[in-house]
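**Student:** Got a structure for you, written out below as structure tokens; questions coming shortly.
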Amino acid sequence: MNTVKTIKEVRHQVKVWKKEGYSVALVPTMGSLHSGHESLINRAAKENEKVVVSIFVNPIQFGKGEDLDSYPRDLHKDEIVCDSAGADLIFAPKADEMYYKDIEASVSVKELATGLCGAKRPNHFAGVCTVVSKLFNIIPADKAYFGEKDAQQLAIIKRMVRDLNFDIEIIGCPIVREKDGLAKSSRNMYLSSKEREAALILNKSLTKCRDALSNGEKSTKLLKKIIKSEIEKEVLARIDYIEIVDAFSLDVIDIACKPILVAIAIYIGKTRLIDNFIYEA
Ligand code: PAF
């Protein structure tokens, strides 16, 4: 497995693979790889002959006061993870390789980016769409793999690909959890041991909601109340949002009668964590 840092090198290698008739997968990441990413790379390697992992902490998707500078970076460790998970190539550009200083063009979606995480992170999804579009143009892969943990991101990328006719198939992969239920995230490493314990409230509260849905509860107002009262039992937790939306349009709904996305964002201390599940009502 190789690591390249320039657009020219990655383009050249992927062109050679495509000419030789190989199927190529892309797994876009910001590094700090954990077993959630590993599962994406494993699956990509199973379903394709060549796998490229991009590792790029994309500055334009971070807002003011967010953790761009402190975001964990360890390329050497990431290379070991990629190699053992079955990647063939890492594309790890620096910011000035990806962005001209006078960049004018960008990609964004409208309504899908306004709720959930987009409500308080107004430019986040334009930053994601722009970098993902650039990656798709740089690396003409057949398939790209994204985690379902970032459910809004996945919905937005699927819609962007549909609307702009990108010639790539988007594959969503299930959330990977620790044994105790905490969803894997690069940001879990910010948590103290007390906070790590408190963070279990995310999955616990979602489980309560799923149980209520299974027992026939359809009022999203009541379902959100169930999640809220569970989270409020945890003193270290502060709610950012609890939302129940249509899983495709991300529109807020009153009655859970079609596939729904139940999504939450919670601060545990200073760390903002997200979790979700999709329920096929
Ligand atoms: O999910 C992520 O890690 C990032 O948002 C992505 C898709 C790699 C774009 O920077």
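Cβ atoms here come from the backbone N, Cα and C positions, even for glycine.
Annotations for this protein, taken from TrEMBL, read as follows:
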ACT_SITE  His37  active site, proton donor
BINDING   30-37, 147-150, Val176, 184-187  ATP binding site
BINDING   Gln61  beta-alanine binding site
BINDING   Gln61, Gln153  (R)-pantoate binding site
**Student:** Please list, in sequence order, those recorded positions from Met30, Leu33, His37, Val176 with the Cβ less than 6 Å from ligand 1.
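**Tutor:** The ones that qualify, in sequence order, are Met30.
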**Student:** Which of these binding-site residues is closest to the residue listed as 'beta-alanine binding site' if you go by CA atoms: Met30, Gly36, Val176?
**Tutor:** Met30
**Student:** If you count Cβ atoms within 10 Å of the Cβ of Ser186 (ATP binding site), leaving out that atom itself, what do you get?
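**Tutor:** 19, counting other Cβ atoms within 10 Å of Ser186 (ATP binding site).
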**Student:** With every protein chain in view, what's the tally of Cβ atoms within 10 Å of the Cβ of Val176 (ATP binding site), excluding that atom itself?
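**Tutor:** Looking across every protein chain shown, the total is 18.
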**Student:** In angstrom units, rounded to an integer, how far apart are the Cα atoms of Leu33 (ATP binding site) and Gln153 ((R)-pantoate binding site)?
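**Tutor:** Counting only the Cα atoms, the answer is 18 Å.
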**Student:** Take the Cβ of the residue listed as 'active site, proton donor' and count every other Cβ within 10 Å, whichever protein chain it belongs to.
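**Tutor:** Here the count is 26.
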**Student:** Cβ distance under 8 Å to Gln153 ((R)-pantoate binding site), same chain, sequence separation 6 or more: which residues?
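**Tutor:** Gln153 ((R)-pantoate binding site) has long-range Cβ partners Cys117, Phe125, Val128, Phe146.
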**Student:** Met30, Leu33: which of these binding-site residues has the sparsest Cβ neighbourhood within 10 Å?
**Tutor:** Met30
**Student:** Distance check, please: Cα of His37 (active site, proton donor) against Cα of Glu148 (ATP binding site), rounded to an integer number of angstrom.
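**Tutor:** The separation of the Cα atoms works out to 11 Å.
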